[in-house]
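Reading through the structure tokens given below for one structure.
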Amino acid sequence: MKNKELIFSLLLLIAMAFWGLSWPLSKIMVEYLSPYETASIRFGLVALSFIPIMIYLKIPFKIPKKSFKGVFLTSVFNASYSILFFVGLSLGDAGSAGVIVTTLAPILASIVGTFIHHSTLLRREKVGLFLGLLSGGFLLGLNHISSLFTQFNVIFLIAALLWGSITLSSKSATSYMNAIALNFYSSVFSFIVFFPSFFIFGFSEAKNLGNIFWICMLIVGLLSTTFATTIFYKGVHILGINRGGSFTLLVPVFALLFSWAILGETPSLHTIIGGGIAMLGIYFINLFEPNHFKKVKK
């Protein structure tokens, strides 16, 4: 069992690296093709790649009636997030965008979930949310209130909120169906929504795309989405929600590192500080257990 846990720990590390890698590679793709066409190709590729995985793992294609609402909401949120993701990347640094979304989304999901379920916050959650709000000021570079309303900040704040909403709606849907099946149907939905863009922008650009675009698309579609998502859900099942979920804290780090290595983006000090504070906030909200410190003392 320990060998299996070690293997999935390494696989989760690789999966998180691919999630982080998707940010700079997606920025490269939208330099070649419109965000709408790029999103359509990506989700078409992802949907096709999930089919053999679902067959191999014997995951039912049927959507349970109790999951219809959750599947629909997740699909709408995912399509909306994706277009903001691709449009926003054409406006600023991929690394900064990756840190904003991957660190603020869990915090915003916790805030929204508290209001929806009328739940009372635990002390650790209050600490985490305070740190999350504090980190937001650093991540968005709010040296002046007007900085909040830059196009880049607004797009990725909404994107983070949408990703947090995906987290909540997917929890509802996956109470009755497999998470991989949910990803399959949300990908099919996004492909259908964005496919008409080819008739608007034309097929000429898509026909003449170079190798760089397709290499990026294959990595983002097959490795960053299909492979990484499958490994994440299997890893959480093997390691548990706390240990498995803790690997997501590495995504903003990888997003910054790959954006620096591939695009030459130098992360600003306020992004690094804000990202660090946000990761600590996520830890308190989702992962903190009192015995963590007891183990250290021993």
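Each Cβ is built from the backbone N, Cα and C atoms, and glycine gets one as well.
Features of the protein shown, as given by TrEMBL:
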- 10-135: domain 'EamA' (DOMAIN)
- 40-59: transmembrane segment (TRANSMEM)
- 71-91: transmembrane segment (TRANSMEM)
- 97-116: transmembrane segment (TRANSMEM)
- 128-145: transmembrane segment (TRANSMEM)
- 151-168: transmembrane segment (TRANSMEM)
- 155-286: domain 'EamA' (DOMAIN)
- 180-200: transmembrane segment (TRANSMEM)
- 212-233: transmembrane segment (TRANSMEM)
- 245-263: transmembrane segment (TRANSMEM)
- 269-288: transmembrane segment (TRANSMEM)
Quickly jot the same-chain residues contacting the transmembrane segment (71-91) by Cβ under 8 Å, restricted to those at least six beyond its ends, or write none.
23, 26-27, 29-31, 35-36, 38-39, 42-43, 63, 97, 101, 151-152, 155-156, 158-159, 162-163, 165-166, 169-170, 172-173, 177, 182, 185-187, 189-190, 193-194
Any chance you could find the range in 40-59, 97-116, 180-200 with the most Cβ pairs under 8 Å to the transmembrane segment (269-288)?
97-116
With DSSP as the reference, give the number of residues of the domain 'EamA' (155-286) in helix, strand and coil.
114 helix, 0 strand, 18 coil
Are the transmembrane segment (245-263) and the transmembrane segment (97-116) close enough to be called in contact, which here means at least 3 C-beta pairs under 8 A that are separated by 6 or more residues?
yes
Mean of the pLDDT scores, which run from 0 to 100, over the domain 'EamA' (10-135):
89
Same chain only, please: residues at least 6 beyond the ends of the transmembrane segment (97-116) with a C-beta under 8 Å from a C-beta of the stretch. Say none if there are none.
19-20, 23, 85, 88-89, 125, 128-129, 132-133, 135-136, 139-140, 152-153, 156-157, 159-161, 163-165, 167-168, 248, 251-252, 255-256, 259, 267, 271, 274-275, 278-279, 281-282, 285-286
Could you put numbers on the helix, strand and coil content of the domain 'EamA' (10-135), residue by residue per DSSP?
104 helix, 0 strand, 22 coil
